[in-house]
Structure formats: C-alpha cells, structure tokens
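J.: Please see the structure below; I have some questions.
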Amino acid sequence: MQLIQSIPTKSAEEFQPKDHTEPRERVYACKYCGKTFPYSWKLTNHIRTHTGEKPFKCTVCNQCFADSSNLKRHMDIHTGGSYKCTECGQRFPRSCGQLY
C-alpha cells in the first residue's frame, strides 16, 4: 500500500469573497505632487495632467485626448452618437430610454 503525501489546502476563510465595500488601500503615488491612487491606471491617467501627454488621437480630425473615454465621447461628434433610435434610425450621443 502506497501513502499519498498530503497537499496543503486553503482554509475556509481564504475562500471567502473579499469585502469590496471597504476602500482599497492607496498604494500608487504621483511623483509630481504626491497624490495617491488605488490603481496604477488611475495614476497613469493623473500623471498626464502634469506631462500634458495625450496619446489618444481621433482618426477623423486628429484631436488628441489624455483619456480613452474622452476620445470615445468625442467620436460621437463625428458618428452622430452611439445610440440609434429604433423608430427613425437617427443616432444620438446619449440614451434617454423610451419616450412613449
């Protein structure tokens, strides 16, 4: 008879879901002003306010943006919007729900 070596397992406490209601510890600090952020991508976006970097460029008019979400919102100018009316086919920048 062969003995099987015990494999370490996690305790029940380690499998509990994380409590996302508590604020995350801020660990990413700006080298320019010292402001801290809970996520590295938020720090990256913030640093652009100091450097003036605008890496997101509109392919239609060449206007540049520091944040991809601002470019996405800007594109509504050229496309007429992200939301298309099911009745008339016209495009709008925001959804307002059904009007009737």
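Residue numbering: from 1, along the chain as shown.
A Cβ is built for glycine as well, from the same backbone N, Cα and C atoms used for every other residue.
What TrEMBL records for 1-22 is region 'Disordered'. Annotation source TrEMBL lists compositional bias 'Basic and acidic residues' at 11-22. The domain 'C2H2-type' annotation in TrEMBL covers 28-55, 56-83.
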J.: Looking only at the domain 'C2H2-type' (56-83), what are its DSSP counts of helix, strand and coil residues?
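T.: Helix, strand and coil residues of the domain 'C2H2-type' (56-83) number 12 helix, 5 strand, 11 coil.
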J.: Per DSSP, what is the residue count of the domain 'C2H2-type' (28-55) in each of helix, strand and coil?
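T.: Summed over the domain 'C2H2-type' (28-55), the classes give 12 helix, 4 strand, 12 coil.
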